[in-house]
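Database features, via Swiss-Prot:
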BINDING   Phe8, Ser9, Gly10, Gly11, Gln12, Asp13, Ser14, Thr15, Thr16, Cys17, Leu18  ATP binding site
BINDING   Cys188, Cys197, Cys200, Cys203  Zn(2+) binding site
Amino acid sequence: MKRAVVVFSGGQDSTTCLAQARHQYDEVHCVTFDYGQRHRAEIDVARDLALKLGARAHKVLDVTLLNELAVSSLTRDSIPVPDYEPNADGIPNTFVPGRNILFLTLAAIYAYQVKAEAVITGVCETDFSGYPDCRDEFVKALNHAVNLGMAKDIRFETPLMWIDKAETWALADYWGQLDLVREETLTCYNGIKGDGCGHCAACNLRANGLNHYLSNKAAVMTAMKQKTGLR
């Protein structure tokens, strides 16, 4: 039996990854992390979506220690969420230092316990916004280190790594989940489900991608299939 663990926040990217994983694996587990994030609604959203999409199990892990160590606008009400991210010269204040290091490591430990062959994460380098832990070289390096440390061959899969946001919408549509991803996921930095607040960086990226996909469906779908190898 093929098993996978999805690092699952209930946002657009991880929900799209879960939708795909349900078609590619016999059994899919979801892991969501409570790190004292500013908008706790995402945990409830993740729980509902994991159930709706048929995850075998959904585990919420308490990693609130990260909140004490990592100062970010996503963990501190006193730090305002910017409408737009800074350019590639700087790291945005929405970056939570060490988050993906911790999440992927703990997801791999969970994968070890449930005998899963893969950990799936929705990080993406194409829409890189200054987050160093979304880079392909980081994921591969951590994957290598984790496998050495556990003497186990667990793959870190990044289905969205080389596709842009419009193509991510196309991927959700390919798996028949465009409406669910649009209406029921929570990507907004201000904690508003669906289309979100409409002005934070996450909402801008999401909306621009959706508009581009809806205006160029055939071309974007073709590009997505070419990049992902789907037919």
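Glycine is no exception: its Cβ is also placed from the backbone N, Cα and C atoms.
Around Gly10 (ATP binding site), a 10 Å sphere centred on its CB holds 24 further CB atoms from the protein chains shown. Comparing CA positions across the binding-site residues Phe8, Gln12, Ser14, Thr16, Leu18, the one lying closest to Cys197 (Zn(2+) binding site) turns out to be Gln12.
Reported as a whole number, the C-alpha separation between Gly10 (ATP binding site) and Cys188 (Zn(2+) binding site) equals 11 Å.
Cβ packing within 10 Å was compared across the binding-site residues Cys188, Cys197, and the lowest neighbour count falls to Cys197. Note on proximity: of the binding-site residues Gln12, Ser14, Thr16, Leu18, the one nearest Cys200 (Zn(2+) binding site) is Gln12, by Cα distance. Cys203 (Zn(2+) binding site) sits 21 Å from Leu18 (ATP binding site), taking the C-alpha atoms as the reference points. Its Cβ placed at the centre, Leu18 (ATP binding site) has 28 other Cβ atoms within 10 Å.
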